[in-house]
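Feature annotations, courtesy of TrEMBL:
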BINDING   Gly10, Ala11, Gly12, Lys13, Gly14, Thr15, Arg125, Gly198  ATP binding site
REGION    30-59  region 'NMP'
BINDING   Thr31, Arg36, Glu57, Leu58, Val59, Gly83, Tyr84, Pro85, Arg86, Gln90, Arg159, Arg170  AMP binding site
DOMAIN    125-161  domain 'Adenylate kinase active site lid'
BINDING   Cys128, Cys131, Cys148, Cys151  Zn(2+) binding site
Amino acid sequence: MDIILLGPPGAGKGTQAHRLEDTRGMKQLSTGDMLRGAIAAGTEVGKQAKAVMDRGELVSDAIVSALIGEHLEEADKGAIFDGYPRTQHQAEALEMLLADRGRKLSHVIELKVDEDALVERICGRFSCANCGALYHETAKPPKVERTCDVCGSHDFKKRPDDNEETVRKRMAEYRAKTAPILPFYEEQGLVREVNGMGTVEEVAAAIDAILDS
Ligand code: AP5
Ligand code: ZN
């Protein structure tokens, strides 16, 4: 089953994608993670993407669709598209990438959230520098202080684009370029709304109900 998790920055896409990987053997395909990986590795794509991401703007459609194409085979038990597609071009590119492999989307899960709450969520976010597990200073701190629940590492990091000014820009990009792709999926009867303002567990239960229906 291939699904999209769609929602603005901080909606909980990554948090829920990690959980679906653990519980269902699906594979998260996050263009944001792929781009951060390219930056860390110092590749040409990473060099082009870094300044764009630091400003909170969108990286080119050609770059991100190529990244998804490169990683799609890793998700043969089902892909969770996280942060992709973000424009109409990307939505059309994804349709072709899937069709070429005899696959099609089962659901587009729209995480509905209150944007003011998102700034709080994002500014409190940090992750394990070793395994990538996601945390929040108040909503989801590690069970033992400064120790990753998953791998036991004591090394944590914050994203450079997780400051209020850049988050506001990322939200504006979402409203201008990403929310307008919803009608494309609504016409196909694929969109399912989930209230993203509940706890992590409540959101997870709502997503499970859709995937099991
Ligand atoms: P990307 O990495 O995709 O970031 P994003 O879309 O801005 O989303 P986030 O990762 O910030 O949020 P999330 O929804 O995953 O929330 P999370 O689960 O972490 O993109 C970054 C940049 O890369 C873009 O700005 C762009 O430049 C570029 N890019 C990426 N893809 C692209 C594309 N396709 N095209 C063009 N450019 C692209 O949760 C956030 C926090 O809240 C965490 O601390 C978490 O613990 C907490 N939390 C989660 N759920 C809850 C809950 N229910 N209650 C309370 N707290 C919660
Ligand atoms: Zn860890």
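Any Cβ shown, glycine's included, is placed from N, Cα and C.
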Long-range environment of the region 'NMP' (30-59) - Cβ separation under 8 angstroms, sequence gap at least 6:
13-14, 17, 67-68, 71, 82-84, 86-87, 132, 159-161, 165-170, 173, 177
Please list the binding-site residues from Ala11, Gly12, Lys13, Val59, Cys128, Cys151 whose Cβ falls under 6 Å of any atom in ligand 2.
Cys128, Cys151
For Thr31 (AMP binding site), name the DSSP secondary structure in the helix/strand/coil scheme.
helix
By DSSP, what is the split of the domain 'Adenylate kinase active site lid' (125-161) into helix, strand and coil residues?
0 helix, 12 strand, 25 coil
Using C-alpha positions only, work out which of the binding-site residues Gly12, Lys13, Cys148, Gly198 is nearest to Thr31 (AMP binding site).
Lys13
State the count of C-beta atoms found within 10 angstroms of the C-beta of Val59 (AMP binding site), not counting that atom itself.
19
Residue pair Gly198 (ATP binding site), Tyr84 (AMP binding site) - Cα distance, angstrom, rounded:
23
Can you list which of these binding-site residues (Lys13, Tyr84, Cys128, Cys131) have a Cβ closer than 6 Å to ligand 1?
Lys13, Tyr84
Have a look around Tyr84 (AMP binding site) and count the other CB atoms within 10 A of its CB, chains all included.
24
For Arg159 (AMP binding site), which of these binding-site residues sit within 10 Å, Cα to Cα: Gly10, Gly12, Arg125, Cys148?
Arg125
Could you work out which of the binding-site residues (Cys128, Cys131, Cys148) has its C-beta surrounded by the smallest number of other C-beta atoms within 10 A?
Cys131
Sequence-distant neighbours of Arg125 (ATP binding site) in its chain (C-beta under 8 A, six or more apart):
Gly10, Leu134, Tyr135, His136, Lys158, Arg159, Asp162
So if I draw a 10 Å sphere around the Cβ of Gly10 (ATP binding site), how many other Cβ atoms end up inside it?
26
Rounded to an integer, what is the Cα-Cα distance in Å between Lys13 (ATP binding site) and Cys151 (Zn(2+) binding site)?
21
